[in-house]
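Asks: I'd like to ask you about the structure that follows.
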Amino acid sequence: MADFKSDTVPGLDLASGSQGFPEGRGSAADFFWEQVAVKPETDDKGLDLLKQVAVKSEPDDTGGNLWHQVAVKSEPDSEDSGSTNGDVKENQNTPHENVQPDITMLDSDNPISLKRPLEEDIFSPPKRPKKKRKKSLGPALPKNALMQLNELRPGLQFKFVSQSGPVHAPEFIMSVEVNGQTFEGRGGTKKKAKLHAAEQALRSFVQFPNASEAYQAMGRKPAPTNTDFTSDHADSDTLFNAFEQKPNEPQAYSPDRPTDEATPLNGADLPPSAAMHSPYGSAYTPPGGKNPVMILNELRPGLKYEFVSETGESHAKNFVMAVTIDGQTFEGSGRNKKLAKARAAQAALQKIFNYQFTPSPGKQPIMSSEGVPIHQTQALADHISRLILDKFSELTNGFTSPHARRKVLAGMVMTKGTDVETADARVISLATGTKCINGEYMSDQGMALNDCHAEIVSRRSLLRYLYSQLDLLLDPDEEKREESVFEPKEDGKGYRLKDNIQFHLYISTSPCGDARIFSPHETATDAEAADRHPNRKARGQLRTKIESGEGTIPVKSSSSIQTWDGVLQGERLLTMSCSDKIARWNVLGIQGALLSYFVEPIYLSSIILGSLYHGDHLSRAVYQRLGELEQLPPQYHLNRPLLSGISNAESRQPGKAPNFSVNWTVSDAELEVVNAMTGKDDHGRASRCSKYYFFQCWNKLFGKLSSTTGRHDSDTPRQYSEAKLLNGDYQAAKQEMVKAFQRAGLGLWVNKPIEQDQFELHEV
């Protein structure tokens with residue numbers, strides 16, 4: 001170490017302590033703090049030198065001498081300058097008098113000011129910077145039973161009791177002792193067994209201050225938040241033994257129940273107000289920042305997700321994943337496996353743990369008048385969507401067929417049973433298409449399809465199924481007759497659908513017209529979902545499709561009367577939009593004029609959209625704009641079906657819309673392909689969904705089945721138009737619907753030229 005040069009500080013004799021200090025300067029230490037500065041020297045190797053200066057101070061108040069060490073550690077000069085930095089540390093307290101807080105380095109090239117440390121900081125260890133706590137994005141996640149029990153009784157020891165069962169499916173028993181009582185839990189792993197043992201313990205031991213969290217962890221209704229814990233008369237049911245089994249409650253484990261089942265977690269113990277039948281007010285809203293998979297893993301660690309299937313076209317794949325909890329399997333679908341897992345976890349959280357995942361206002365389902373439970377609406381919508389897509393994939397060889405090309409896919413699904421999750425669901429019909437017939441190909445024999453939009457053709461395909469079900473009523477075999485979805489009415493006037501038979505319409509996108517014109521995009525925010533101008537005159541207007549093209553125009557800009565010769569001479573053939581036709585179905589039923597002679601009105605139970613779902617616009621388009629229809633005949637009413645989107649919205653179908661439409665009914669072996677421009681197949685033959693075909697089916701039933709009119713007509717109508725007029729109630733309801741649109745200022749319904757329906761059946 002290099003020698004310290006005493007001449008750096010004039011008048012300072014380090015050997016003699018306080019000798020040579022200027023008068024009035026105080027002790028050597030005070031003088032040093034005021035004036036001392038040390039300029040570091042560097043050895044040949046460029047290493048920094050550590051200088052130590054020992055200063056002996058004058059006696060303090062206690063009579064002792066304090067020795068101060070000042071360590072000055074220099075840093076090597078930078079390439080650009082010869083500046084140095086120093087840290088001065090003092091290991092003893094010094095008097096406060098005449099102390100200057102700053103010292104200045106004598107290096108004139110780069111003077112640096114050093115602040116003298118405070119007395120209390122001299123011996124203190126260096127303080128570490130405080131870590132910033134991350135703010136939670138939502139409410140705290142409820143802890144599972146094991147975590148909650150550990151907070152209430154820290155240090156509990158779980159003991160391994162026994163292991164039974166085969167190697168591939170073992171059953172472990174773990175126990176824990178709480179308050180002198182031993183609680184056992186069973187499970188496929190020790191971790192699950194410990195969790196179930198903790199659940200058993202919590203049933204008989206719950207105390208404040210975390211009782212509400214324990215209630216949430218067990219899937220129960222939280223304890224009242226206004227409980228007075230300081231009261232001498234606290235509610236014992238709230239604070240203690242809240243998880244004990246009631247006499248009428250089933251035990252958590254029994255030989256006939258799954259070993260991994262835990263009663264508090266499957267919803268069986270929930271009171272009616274907190275069970276899934278009444279989700280409002282008692283359902284738990286999941287915390288923000290965590291997806292359903294993370295939340296479910298917190299509540300039930302170690303769950304395994306299984307890959308079920310993969311369907312869809314290359315640019316629009318759909319994956320299905322499943323998870324099993326307490327013997328119940330929950331499936332979820334999505335455009336990737338990660339999203340499908342999240343949907344499956346969400347379904348489990350909704351059913352078992354009573355979680356409520358609320359979509360944005362514009363995406364919320366609109367309940368039907370039948371009151372489908374809200375927790376089932378999304379499951380129903382997703383299930384129907386998956387059924388339609390799977391059936392279309394099956395009919396097009398995994399979407400490899402050239403006829404798999406489409407812009408819009410629609411279908412009808414029939415369910416049997418009131419419970420959506422246990423109902424027998426079956427695809428009855430499906431269709432694709434987005435175009436209408438060219439005016440020059442109109443048929444006056446009922447051979448051509450005027451409208452080849454998917455939802456319209458799928459409904460016509462459903463009519464074929466309904467005719468086949470009426471045919472079963474004429475079968476001599478009683479078992480065959482029982483298979484029909486129809487049954488005779490009690491008054492003997494026609495037939496009605498059997499109880500619990502429902503029909504659901506699925507469309508891959510919003511129907512053209514009023515439902516789509518104001519909602520061309522998926523909503524990303526709540527602000528985009530809301531209709532900011534619901535009272536504008538453009539809302540709710542009747543619109544017509546454009547001949548041989550796509551898009552719609554308001555009826556006010558067109559004539560309400562179309563003539564056969566006018567269309568043949570070049571006038572555009574106008575067809576009412578899909579939104580308008582669906583609104584008509586919600587008044588008259590989907591069975592149409594011909595079938596209404598045999599059956600009472602059949603209404604849709606739900607309308608499910610695969611994309612572009614906007615609740616406000618869709619509900620207005622399909623029933624709200626009609627207002628109240630007070631003069632409808634008996635059996636007719638304004639139907640308000642369930643409206644919903646799906647969890648995994650369909651991707652947009654790029655490319656030009658094909659000029660063909662396909663249709664299929666449950667009894668068909670393959671798809672029928674129809675040229676949308678001509679309304680017939682490529683060979684010029686009439687479609688099986690044409691008016692002519694339906695008139696043939698109707699004629700076979702006429703006179704053999706009872707009618708809704710109560711009359712026994714002997715003369716078979718010769719013309720198609722005459723058969724449509726036989727049911728006077730249907731025609732009266734139609735006129736009331738047309739007047740309702742006019743009263744609302746929404747336009748006049750446009751009909752096809754009357755010559756289209758003035759055809760007869762050919763004699764064979």
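First residue shown is number 1, and so on along the chain.
Each Cβ is built from the backbone N, Cα and C atoms, and glycine gets one as well.
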Asks: TrEMBL lists region 'Disordered' for one of the ranges 1-26, 209-234, 313-338; which is that range?
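Replies: In TrEMBL, the region 'Disordered' feature sits at 1-26.
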Asks: Do you know which of 171-208, 247-284, 361-398, 627-664 TrEMBL annotates as region 'Disordered'?
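Replies: Comparing 171-208, 247-284, 361-398, 627-664 with TrEMBL, region 'Disordered' matches 247-284.
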Asks: Counting only pairs at least 6 apart in sequence, do the domain 'DRBM' (305-354) and the domain 'A to I editase' (429-759) share 3+ Cβ pairs under 8 Å?
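Replies: When sequence-distant Cβ pairs are counted, the domain 'A to I editase' (429-759) touches the domain 'DRBM' (305-354), since at least 3 lie under 8 Å.
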Asks: Average pLDDT across the domain 'DRBM' (305-354)?
Replies: 85
